[in-house]
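Asker: This is the structure I have questions about; it appears just below.
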Amino acid sequence: MARKSDKFLELYGYDLVLGSIAAFYVFMVPYTKVEESFNVQAMHDILYHRHQIEKYDHLEFPGVVPRTFVGAFLVSILASPVVLLMNLLHLPKLYSLYAVRLVLGGIVLSTLRFFRIQIKKKFGSQVEAFFVILTALQFHLLFYCTRPLPNILAFALVNLAYGYWFKGSLYAALNCMVFATLVFRCDMLLLIAPLGLELLLTKSVSFWKALTSCLAAASLSIGLTVLVDSVIWRRLLWPELEVFWFNSVLNRSSEWGTHPFHWYFTSALPRSLLAAYPLFLFGVLLDRRVFFYILPVLSFVVLYSKLPHKELRFVISSIPIFNFAAAVAASRVYNNRKKSFWKFLYIAMLGLMLGSLACTAVFFMASYENYPSGYALKPLHRIGGITKNSDELWVHIDTFSAMNGISRFCEDNYPWRYSKEENIFLEDFQMRNFTYLLNENFYIKGFKCLMSVDGFSRVRVRIGFPPISLVKGPKVFIHGNIRNTDIINRSWPGCPVIP
């Protein structure tokens, strides 16, 4: 029995470590943001509305650009047995959100496992160990790996591609990249282009064989996404073609904010890599083999830097390769730690790792407080149940609340009803028949503020202990209709006095 246990830990110990951390983030921060809204609503609709497409959320709220249902279908199918059991037990729908996120995390981490195994075969078990340590000490990769973003669905395929690349199955690597690009994220073209060019210049692949292989993969990818999404969207559609046109040709993504060219290198990567950021540069210098793997990924980040609209999740696919390079450096430093000069590098590396752990704790605490409207629904359902004055309880969710924690998984069944109707002026709410409002505004005529939910505002650095603290403030307010006296007279926490 002991030998079997040791064998199990040897095979899956690292996966248990990374999976446990990712699961911790899911259970502590289950809610989702606006960037995840399409896929999370799609998963809900597939699981609960099934073939009744007319009830799907995307038909009422299509978003700026259409997205594919392929990833949502895969995750929903895998999660459906657990969700069915939850429905039989009459558990809240929020538990289904845990299920789909855990399934997605399992998919992503299983592909990361495949890549990690190839690192072990090519560079040794010690490099593999440091790869896991550095990944565990970082916040963003394990936090994001369960979040239903198109970037994360593409990330799973990119991990497979990295694994095949290290394994020497280069055409399989290119095919994975092609599928990720044409189905989930067209911007993966910025990664497959430098990778393909490097493989051609080093004569690692044949041009004609690579072209034939990629064209076949492209045909299958486009055929799949067009078939699935044309049915669900009710029009002939290749989603990523429209995304490419919107973001790259029209360059309208900049309407959502811009950052300078250097932002990925001076902000996004330092925050996401932490200790691995200086170590990956050291790894390139220590082992010439590393440069071959780093160059296409570094080129990807440079090319992406030319687009004005930047977000960390756009370059999350680069993190595993940077972590690999950092693990090579960490392994070399560890092996030489008893030598005079290397001793100081080893101490510095340990300091960087402790610093990474501290930063990850701060990032987690900030993220925990960053979904105020999701937390607001829970006490509303608990305190604001059935009333004497009405059969149904109508809740209006404003745009801010819909973007910061609320999805259809958070909704309760009858008598609760929900509306995300837009473009309602504040003074017009008193003429509508809403029982409750979730709103970012403190005062709304015709309604009484019943309670507020705080959210993350900023990080405060100070002299003393702890040196870093989070500043929170009221973000979402729950209002009750003053005509419903039963609601107003209940024991609500109340709202702060805002000047």
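Even glycines carry a Cβ here, placed using N, Cα and C.
Just lifted these from TrEMBL, have a look:
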TRANSMEM  12-31  transmembrane segment
TRANSMEM  69-89  transmembrane segment
TRANSMEM  95-115  transmembrane segment
TRANSMEM  127-143  transmembrane segment
TRANSMEM  149-166  transmembrane segment
TRANSMEM  173-195  transmembrane segment
TRANSMEM  207-228  transmembrane segment
TRANSMEM  261-284  transmembrane segment
TRANSMEM  290-307  transmembrane segment
TRANSMEM  314-334  transmembrane segment
TRANSMEM  346-368  transmembrane segment
Asker: If we skip the immediate neighbours and take only residues 6+ beyond the ends of the transmembrane segment (346-368), which ones have a Cβ under 8 Å from one of its Cβ atoms?
Answerer: 25, 28-29, 133-134, 137-140, 143, 271, 274-276, 278-279, 330, 333-334, 336-337, 456, 459, 468, 470
Asker: Between the transmembrane segment (290-307) and the transmembrane segment (95-115), are there three or more C-beta pairs closer than 8 Å, counting only pairs 6 or more apart along the chain?
Answerer: no
Asker: Count the CB pairs under 8 A between the transmembrane segment (173-195) and each of 95-115, 261-284, 314-334, then give me the winner.
Answerer: 314-334
Asker: Is the transmembrane segment (95-115) in contact with the transmembrane segment (261-284), using three or more Cβ pairs under 8 angstroms as the rule and ignoring pairs under 6 apart in sequence?
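Answerer: As far as Cβ distances go (cut-off 8 Å, pairs 6 or more apart), the transmembrane segment (261-284) and the transmembrane segment (95-115) do not touch.
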